[in-house]
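The following features are taken from TrEMBL:
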- 1-23: signal peptide (SIGNAL)
- 53-170: domain 'Purple acid phosphatase Fn3-like' (DOMAIN)
- 177-281: domain 'Purple acid phosphatase N-terminal' (DOMAIN)
- 293-508: domain 'Calcineurin-like phosphoesterase' (DOMAIN)
- 533-592: domain 'Purple acid phosphatase C-terminal' (DOMAIN)
């Protein structure tokens, strides 16, 4: 979840204080927001002879790579611990065409934040000899790059040197495919990003069953502009052109068959710019009796493998979670990331970097997403929470960069039928209470599943609409979001939801089967027969800074882990389900339970879930 993202004006006014307090991971400060870019002054002429920055290679992606390492060498005659190296993209960041320049009329502003930064003394001998060298990882982000040396710290930056430009061989190349299941079980979608508008090149996917001939399917194209953002920094220093986002639909898939696909763009001369080829396995039909394995977690964020941006203070578990899932690709079938994805918080460059981080997963497995507060929330924009956690994004990047099978992409709720599972994905950033459109969707999703064929019914949302012993919920006395479960618990009970998943709280917790705050079963790990309550799971330890529990453990809390991790559901058949919680540090199982039951156990009468009967024979 993190702290609500304060308005950029307030951040800038308190830059020094923010830089000091943000050393605490618990505060959740987006690292790029620590840079008071509006205060930056340019001193290139003054230090031209004494300062330098050089980056090699200058031409990136010679072998069509979308991710490369660059060596940056730098130095000057007056090194200090406050010096830092910034990466800017596009490379021209001193053009003077900043939005809203009247805010700071007396200063020569830089108009954009860097996409990443690192302190110059990350290189061991910098302070001693005034020379340093670091390696930075870059991804293809549709523009050139430059590297800049600043002094004066993050709160009073002075630009003393800029490198020559570096650029990818093809900056517009299609990159970072994201699979998602479509609105039906026999449909897979693939979404990707490029620098090609439809007037310049036609996007498509070439795909087919492995071993058979392929066919081409055209893709639709979306983008958004600065005016689509609702506030700053997304509208100001955090803005970066998102490129073009393309989505193609691969339909009439055969269940469980393996397919290949390759995204491409046909240029006006008939040549094609291709991305890498990938394969995926088609989803099972609803009710299909086969092994089905599902990953669920939230709040992963993104991190930098080169150590830049000080993300170790913000999302320290992100890479561990990503790496465990990459290592284990062959042992699960679909992923649900239930909100708070990159924590870009209005710095749009971070969305590209997140799609790059998870691409080894999302290119091969359906990557289903939900909306979190850091994607959606901004005052007076139609959301349920009037806070500034999205940094002015108000949902636009999340709703555009990823496909999900919602009827209205602005309403982030949808259902997924995956074999013996039904997932009802709710949007905790819009009103879920009785009488709302979302409440109607939730009841329809829960009530229309055929439990004899799809016995495993799962509810997910980002914020905790169920139960959590997180410290701030305990301070409120509710152990939930305000009005979280009051409207929904009767639906969970009536339609016999097996597990309700939440993120937002950055830790792991599992409850007993619950109804109305009461454990309805004394068992802790092996459930069988009639399930007369719902098990609630907080799986928000995907990577962002950890949240604290209350010291008093509620009776309904069975297992808590103050660490980073993710969960896995394995359906062996219509009667047997295994739940596992794994730590991201080692991928080992630290909590688990099983459910064994028959169809009659789902139909059995339990409290507030009894079908009406008649005395007639």
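Each residue, glycine too, has its Cβ placed from N, Cα and C.
Just so you know, TrEMBL annotations never went through curation; they're auto-generated.
The stretch from 53-170, 293-508, 533-592 with the most CB pairs below 8 A to the domain 'Purple acid phosphatase N-terminal' (177-281) is 293-508.
Per-residue pLDDT, averaged along the domain 'Calcineurin-like phosphoesterase' (293-508), amounts to 96 for this model.
Taking DSSP states H, G and I as helix and E and B as strand, the domain 'Purple acid phosphatase C-terminal' (533-592) has 0 helix, 31 strand, 29 coil.
Residue counts for the domain 'Purple acid phosphatase Fn3-like' (53-170) under DSSP, split into helix (H, G, I), strand (E, B) and coil, are 10 helix, 49 strand, 59 coil. Here the domain 'Purple acid phosphatase N-terminal' (177-281) is broken down by DSSP into helix, strand and coil counts: 3 helix, 56 strand, 46 coil.
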